[in-house]
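To start, the structure itself, in structure tokens.
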Amino acid sequence: MSTTSKVADTNGGTAARSGKPSKVGAAANWADERLGLAGLAKKNLRKVFPDHWSFMLGEIALWSFVVLLVTGVFLTFWFNPSMTEIEYQGSYAPLRGSYISEAFNSSLHISFDVRGGLLLRQMHHWAAHLFIGSMLIHMMRVFLTGAYRKPREINWVIGVLLLTLGTLEGFTGYSLPDDLLSGTGVRAADGFVKSIPVIGTYGSFLLFGDEFPGHSIIPRLYIIHVLLIPGLILGLIAAHMLLLVYHKHTQWPGPGRTEQNVVGFPMLPVYAAKAGGFFFIVFGATALMGGLMTINPIWMYGPYDPTKVTAGSQPDWYMGWPDGLLRIIPGWTEVSFWGVTLALPVFLTVILMPTLIITFLILYPFIDNWISGDKREHHLLQRPRDTPARTGLMAALVTFYVLALFAGGNDIIAIRLDLSINQITYFLRAAIFLGPILAFWITKRWCISLQRHAKEQALHGYETGIIERSPDGAYSERHLPLPDAKQALIVGRERDQLLELEPAVDKNGVERPHNRKERLRLALNRFWFADNLQPPTAAEIEAAHHHHDGHDGHELEAGAHDDDRDALVKGH
Amino acid sequence: MRFLNRSAGRLSRHRRGRFAGLAVLLVALLVTGGAYAALAPAGQAEQSQDNAELVEQGRELFLVGCSTCHGQNGEGVLDVNGNQLGPSLQGVGGAAVDFQVGTGRMPMVQPGQQNPRKSVAYSDDETAALAAFVQSLAPGPDVPDESDYDPSSIYELPEDERDAAINRGQQIFLTNCTACHNFNGRGGAMPRGGYAPTLRGVSDKHIYEAMLTGPSQMDVFSDGNIPPENKREVIAFLETLQEQPQQGGFSLGGLGPVGEGLYVWVVGIGGLVGFAVWIAAHTTRTKKGKETA
Ligand code: HEM
């Protein structure tokens with residue numbers, strides 16, 4: 001309540017008065033008369049945003065994309081995407097006199113001879129990491145709270161596409177400077193394409209226009225990097241934001257929050273100030289990182305040359321997990337027959353797995369919906385503990401991802417932690433299968449026990465730690481009801497529905513064939529929901545209260561404490 | 001003078017003898033030979049004398065400190081299971097000893113996957129003696145001269161020649177060494193718990209000897225492979241690498257993208273999520289403050 005009244009207060013006071021028309025006002029008026037923006041703006045500026053830190057994760061992604069656009073445009077002023085060889089004559093002495101490509105030369109030029117160039121290059125690269133990293137955690141938030149449910153499925157799909165495009169964009173960018181590491185990456189990409197059965201070699205020639213490395217890959221990647229993918233990303237971000245405004249923001253269940261309203265701050269001024277402020281924080285963080293922390297020191301890698309390679313040749317971390325799978329897959333998965341060799345280790349890990357996972361993520365809202373059989377719209381979020389199986393699934397995915405990422409850094413882990421690279425590989429081969437299962441099971445159980453705890457508290461109040469002695473000498477601990485907001489989180493959530501198989505014989509006595517799909521759906525539904533605790537019903541709460549009244553009638557005395565009065569009044 | 005004249009006369013008296021010519025030759029040889037031995041090449045004799053002493057001193061040290069694993073004549077020792085306690089040192093040369101002992105690797109203390117650098121157990125003189133002893137077993141690359149490995153001659157070249165030399169050093173390093181030692185010379189993993197160590201802080205001489213002798217899993221880069229001149233250029237490049245400023249800021253370990261990924265999650269994402277929590281919490285705090293007030 002305080003939030004809304006506070007905002008309203010700022011509108012109060014003196015009535016608006018028409019003063020001398022200002023220049024800005026006139027310009028705004030001119031624009032409004034032609035574009036009719038005011039009405040649109042007014043509506044949208046009054047849009048309400050709820051307040052929770054996890055709702056700002058997507059914003060980190062948005063702002064780092066803005067940083068990427070700004071710094072990327074700066075880089076295009078000097079970057080020359082050409083593979084023509086020239087002799088380096090710039091300021092970095094150890095490379096002077098080397099024959100290097102124009103692309104590498106111009107990247108060195110940006111780094112050493114353009115004022116602020118290295119800062120901007122490093123900011124661009126750090127922002128790329130932040131962009132993809134924040135998309136990932138934003139997506140985890142959406143997943144864990146069930147924000148992808150109807151009507152927001154499309155926005156979820158857009159999100160997955162953005163993540164995919166962001167990763168590709170990062171990879172193409174990483175390849176542009178044509179240093180030893182990026183060339184090694186392109187070389188690997190060539191291998192990945194070639195590993196696709198039948199069309200692989202054709203694909204490689206199509207991409208490179210020649211036998212690797214050819215002369216066209218960098219110009220092609222450049223156009224993809226500065227035009228094609230940024231354009232797609234921009235369009236998708238716009239669609240993402242429009243849908244966000246159209247659907248309105250989701251919110252946590254709480255007092256006064258329903259499936260029909262949104263409680264929070266209006267876009268202007270509070271939220272805009274916060275969001276705008278956050279842009280500067282993201283920008284500042286990127287600038288600090290770009291200024292202080294070396295990233296991709298291309299002058300040390302030196303120019304790309306197919307005869308050279310360095311220890312610790314890794315892709316950027318967001319491409320790390322397929323690389324990790326490739327590092328641990330046993331070699332016998334490669335098969336040869338009739339004089340044909342299938343590079344299955346590469347194909348399975350780097351082409352097939354990412355495709356499968358992306359497809360799964362895109363389909364997830366629909367799979368989830370099929371399992372739950374839920375046709376309703378949802379604007380209230382679910383607490384992760386209230387969906388134990390789904391939270392467990394995320395834990396399994398994260399475990400898989402992190403283990404695969406470790407595999408991708410196996411050599412660095414080996415030298416840093418004094419381990420044997422072979423033992424790491426053997427361990428991960430088992431862990432990549434067992435770890436996710438274990439993580440699923442532990443998380444699910446953990447959630448259920450949290451649910452049990454929450455239900456206990458909702459019914460009987462929380463433990464105060466105050467031990468009381470009754471006149472007849474019995475000791476008991478005083479329980480007090482939870483604060484309103486917390487109580488609402490627990491009792492306000494929807495109950496899970498268990499699907500039933502329709503009777504084997506319908507009302508006309510005709511046997512209904514139960515197909516496999518239906519049974520699978522039912523089994524999954526049970527697996528997903530059967531172990532969950534359901535929120536207490538009104539009757540249960542009522543019964544619990546009677547129980548308290550009869551048992552310990554001290555609660556009104558407890559009301560003497562200032563802090564508790566409020567809760568008691570509301571709770572009872 | 002008289003004496004000379006007299007002997008000259010006597011000589012001339014026998015001149016016609018059959019062996020006169022031979023005798024003259026012999027005497028002349030003896031005289032010159034003796035004089036030479038007495039005066040001019042005193043160093044050589046002393047050196048071989050000294051060397052023999054050094055080898056002897058080395059043998060004694062070797063018998064005490066190394067022979068349990070390498071055998072009394074450096075022939076190598078097998079344990080009862082037929083495993084190698086220490087390989088044969090025949091022909092590894094003084095350079096290998098100077099490297100292994102000078103970096104503290106030998107005497108080995110604990111057999112393991114990798115024999116790490118540790119504090120040096122022998123003085124410079126003792127190391128030289130051990131090297132001399134092993135060099136005496138069979139010919140191999142000997143301890144290099146300072147002129148072989150010292151790159152200062154490169155730094156004295158005119159600027160463009162110096163740049164070219166250091167650039168060649170980088171090219172050789174990138175072609176031959178980075179696969180194991182990483183682009184930055186920071187080291188990398190080898191199979192089964194082994195590793196190629198960091199090259200930071202390794203002395204010029206030891207870098208040179210490492211290339212010359214190829215310790216454990218490292219390849220040997222003989223002089224035919226990388227001539228001394230190019231070896232010096234590699235050393236000069238490695239020195240430049242160490243001395244140049246960190247243009248990009250903190251190097252984050254210089255291990256490439258894995259380190260960068262770690263930092264982006266811990267510092268970048270971690271920090272920004274912290275800010276998000278702070279911003280979101282900020283209003284709740286002011287709200288709370290107002291309510292209680
Ligand atoms: C989704 C957004 C983007 C991502 C993830 C991304 C990522 C990257 C990465 C990782 C690099 C390698 C940087 C390095 O040299 O260390 C790079 C280079 C580059 N990017 Fe982007 N970028 C994005 C958007 C853009 C945009 C919008 C532009 C320009 C219109 C741009 C222009 C460039 C240029 C010119 C380079 C090469 C500069 C150089 O390496 O010196 N990027 N990008």
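Just so it is clear, glycine is given a Cβ too, placed from its N, Cα and C backbone atoms.
Record features, source TrEMBL:
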REGION    A:1-22  region 'Disordered'
COMPBIAS  A:1-13  compositional bias 'Polar residues'
TRANSMEM  A:53-79  transmembrane segment
TRANSMEM  A:126-144  transmembrane segment
TRANSMEM  A:156-176  transmembrane segment
TRANSMEM  A:222-246  transmembrane segment
TRANSMEM  A:277-299  transmembrane segment
TRANSMEM  A:342-367  transmembrane segment
TRANSMEM  A:388-406  transmembrane segment
TRANSMEM  A:426-443  transmembrane segment
REGION    A:544-572  region 'Disordered'
COMPBIAS  A:549-572  compositional bias 'Basic and acidic residues'
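When Cβ distances are compared across the two stretches, the transmembrane segment (A:388-406) makes no contact with the transmembrane segment (A:222-246), since fewer than 3 pairs at least 6 residues apart fall below 8 angstroms. Remote same-chain partners of the transmembrane segment (A:277-299), defined as residues 6 or more beyond its termini with a Cβ less than 8 Å from a stretch Cβ, comprise 56, 59-60, 63-64, 66-67, 92, 94-95, 104, 107-108, 111-112, 119-127, 130, 174, 177, 179, 181-182. With a threshold of 8 Å between CB atoms, the same-chain residues lying at least 6 positions outside the transmembrane segment (A:426-443) that come near it are 324-325, 328, 330, 388, 391-400, 403-404, 406-407, 410. If you look at the transmembrane segment (A:342-367), the same-chain residues 6 or more away from its ends with a CB under 8 A from one of its CBs are 143, 148-150, 152-153, 156-157, 160-161, 164, 191-192, 194-197, 200, 322-323, 325-326, 329-331, 333-336.
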